[in-house]
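Trainee: Let me begin by handing over the structure; questions about it come next.
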């Protein structure tokens, strides 16, 4: 590692098991400001589970999380948000039956001086943010259920960036999208990166994320196979890490690396 | 500018802004879009009107009389109050089967308090008795609701089971309070909550309430218009605003007028005239009832609950929780507390409903509120609350309660036997939900 700065996030030796199965076993990953780290692995490799520990959805059994070098206690999604960690889930996690503005502000509603919901102000802000992300979006009054996959994705992303996130977690951000929308998300990621936000991209498809990421961390069977800078490795080498756990020479092996005979 | 001109101007403006989309819309569609009237609510009101007209014809003009409509609303109020809470319960994918028993228990506690306990300390007929009684009843209801909610939220027992247990427990507890004896009579002030000749606010006060409601409607329309202007959102066409305002005011004043055309029964009026030494006129003394207190209570509860459901953060959380519990949890909402609060609210509403029904009956009995849980759930469901969660309106549930009561009341007027009444109500419930399912499938 050439980086001398304090990492934005450092997850050290994280373990969690569900009913005897080690979903994540002694895994460590880190993330620097303005950096995109792709977390890769097959379905069930433990990447989503690891990241859900960071976003507060699961509680770790062992290990340590440092935010800006200081130990962070993350017990639920509210704690994570306090540290500026915002997550866009694979399932999108939007409430289908309420409109876009209500989803953007879910859990952090704007209120009038009388304590009632300030729907008008929320809608105004929603129009502004959505206008930046997806200028064609006009359906502010309809429940999110009525929107297309890409539109729902815009809502989920808008929600994450609305509150000045410092750390953004995107779980399969482009899985539900068409080519044009995928390109839009790519542009957005570059823009957020320039603003100094650290981004974890989680994907099981290397092609989705290789060009966007500065580094890759590969997981297999709940363990970290290794880390590498994308400029030091080829896609095929990373595929080798994902499938076989084979670590190329320029990558840093982790506990899950295949033991060379 | 005349109404036609305004319409014309808006049409021109509309065509300019989104010609392509509007070209395909016919007049009816454009009307609904401009006025933003909920078509499902409208459908329910339509069903209600059909039921009313049907009974009117079948009873030979007995149904749509001020007297019957007045009684209908009074009989509806207890279930309507509980139905507003049931909406929130069902929206979050829960159910409350215990409301009838909780009503019975709260009613019995309030009955014993005002008839046996408080008079010992304050003396019979003390003006504070009703207030203390009601406050205690509400506290008991809230406590029972909190207990149910906590078991559901923190011990993860399904609400169906918890409230099924509650149904048995609180009915049994009601019996234990007085070993099964009926408590009567109720405090005179408390009885005003039950309606009747005394429990109505009279003609003048009713008109005042009606005018205040009209002012509130106009204020709400103006305020929403001002808010939309503030942020430059598309406005409703002016003709639509006028239409909605006039319709709302006409409904309110019409309802007040109906209540004011139901006069005191002749012997009560005569007694009143004698007591106040008023000369008995030739045509008989016509003293209007005006709006009944329980109806007023139900309307206030409906407004407050609508406010809670749509204007407060809590209400937003209730609907988000019903739409996607996982998303709500991940958004950082304290979902368990929301559940506890919903059931507490339900308990409070049961206590209010208990006050209305004990006051109306002038007694607290063992069997009070039996089967009310089913009528309450049916009212909410007929009113468009989806058992799959996430969808429902307070106003819909209250209209649902009115539909149920209209059916029963109409069948009583027709002299239909109780067993057959139940059959009809059951069939209507299933049919209503089936129609709603069809509607939803089409709307998608």
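Any Cβ shown, glycine's included, is placed from N, Cα and C.
Please treat TrEMBL annotations as automatic predictions, because they have not gone through curation.
Residues annotated as region 'Disordered' in TrEMBL: B:1-20. TrEMBL lists B:1-18 with the feature compositional bias 'Polar residues'. Annotation comment: TrEMBL describes B:41-63, B:69-90, B:102-122, B:128-147, B:154-177, B:197-222, B:242-264, B:291-309, B:342-363, B:375-403 as transmembrane segment.
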Trainee: Restricting to CB pairs under 8 Å, which listed stretch, B:197-222, B:291-309, B:342-363, is in contact most with the transmembrane segment (B:375-403)?
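Mentor: The stretch I would name here is B:291-309.
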Trainee: State the residues, same chain only, that lie 6 or more residues beyond the ends of the transmembrane segment (B:197-222) and have a CB under 8 A from a CB inside it; answer 'none' if no residue qualifies.
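Mentor: For the transmembrane segment (B:197-222), the list is 191, 241, 244-245, 248-249, 252-253, 255-256, 259-260, 264-265, 268, 287-294, 296, 359.
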Trainee: Counting only pairs 6 or more apart in sequence, are there at least 3 Cβ pairs under 8 Å between the transmembrane segment (B:69-90) and the transmembrane segment (B:342-363)?
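Mentor: Contact between the transmembrane segment (B:69-90) and the transmembrane segment (B:342-363): present.
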Trainee: Is the transmembrane segment (B:102-122) in contact with the transmembrane segment (B:154-177), using at least 3 Cβ pairs under 8 Å (sequence separation of 6 or more) as the test?
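Mentor: Output yes: the transmembrane segment (B:154-177) sits against the transmembrane segment (B:102-122).
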Trainee: Quickly jot the same-chain residues contacting the transmembrane segment (B:102-122) by Cβ under 8 Å, restricted to those at least six beyond its ends, or write none.
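Mentor: Non-local partners: 78, 82, 128-130, 132-134, 136-137, 140-141, 144-145, 166, 170-171, 173-174, 177-178, 183-187, 190, 347, 350-351, 353-355, 357-358, 363-370, 372.
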Trainee: Checking distant contacts: for the transmembrane segment (B:291-309), what same-chain residues at least six beyond its ends satisfy Cβ-Cβ under 8 A?
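Mentor: For the transmembrane segment (B:291-309), the nonlocal Cβ contacts are 70, 73-74, 76-78, 80-81, 84-85, 87-88, 192-196, 199-201, 205-206, 209, 256, 259, 315, 318-319, 345, 349, 352, 356, 359-360, 393-395, 398.
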